[in-house]
Amino acid sequence: MTASQDTAAPASPSTLDAGEVAQFAKLAEEWWDETGPFRPLHRLNPTRLAYIRDRLCAQFDRDPKDPPCLEGLSVLDIGCGGGLISEPLTRLGASVTGIDPGLETIAAAKAHAAGAGLEIGYEATTAEAVAEQGRRFDAVLLLEVVEHVPDVPAFLARLAPLVADGGVMILSTLNRTLKSYALAIVGAEYVLRWVPAGTHQWDRFVTPEELKAAVAGAGLQSTDLTGMTYDPLADDWRLSHDTDVNYFMTATRPAC
């Protein structure tokens, strides 16, 4: 099986870019190489996990210091890739469904989870298809996804029904600023070569104001905005008030 032979699950052309799927499918077998193309995500992962854990614990009245703090919660990881966030969330007790349109990406995720002895419901499908099935989850994750989507408001409108009453949607993405162009595209893609050139399109980056409006238009309420910054000396990511480049947004659906 080779990444060059990857195919994608059917999806709505209005919300999913086939070129973006193919770009990541070529890298399917390299997801768990901490020194490879996804090294930035591996470095970012502890910060992502901490934010998600703490937001879910706050929403569902859990103690984040309790190892199985997410036990009993259903989580949908949209654009799960090789499972970098699905696996640690499973270890925290969550029942995780990871979806990605790349068939070989999902095959890589399944193989790694099996090797780690983890039960994760990986599916080669799209978020729109899952929403059409009427499925709902306590938490829906869109991590580094919306900056690859042509029409963010339409995408979120179709996905919002996936969030159960009292549930949350957690998003992380890139702000559209000159600083993000300099750091996330020029710096990361062409100078440091952290990710392949062409991974991102700056005009698809989403400002917090645009994302908040899209979330509201989908019937959800934005409840938190937190930035992430990179410390080059420590080679580490930290949560921050600075949203100029990377940021999280949490949105909730009121309980009935």
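Every residue number used here counts from 1 along the chain in the order it is shown.
Here the Cβ of each residue, glycine as well, is placed from N, Cα and C on the backbone.
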* Structure fact -> Note: TrEMBL has Arg48, Gly79, Leu143 binding S-adenosyl-L-methionine, and from Asp33, Asp100, Asp165, Asp203 that site also includes Asp100
* Provide the number of Cβ atoms within 10 Å of the Cβ of Arg48 (S-adenosyl-L-methionine binding site), excluding the reference atom itself. => 23
* Return the residues near Asp100 (S-adenosyl-L-methionine binding site), defined as same-chain residues 6+ apart in sequence whose C-beta is under 8 angstroms from its C-beta, sorted by sequence, else 'none'. => Gly79, Cys80, Gly81, Ile106, Ala109, Tyr122, Ala124
* Structure fact -> For S-adenosyl-L-methionine, with binding residues Arg48, Gly79, Asp100, Leu143 per the record, max Cα distance (Å, no decimals) returned as 19
* To do: Tell me the Cβ contacts of Leu143 (S-adenosyl-L-methionine binding site) under 8 Å, same chain only and six or more apart in sequence, or just say none.
  => Arg48, Asp77, Gly79, Ile85, Ile170, Leu171, Ser172
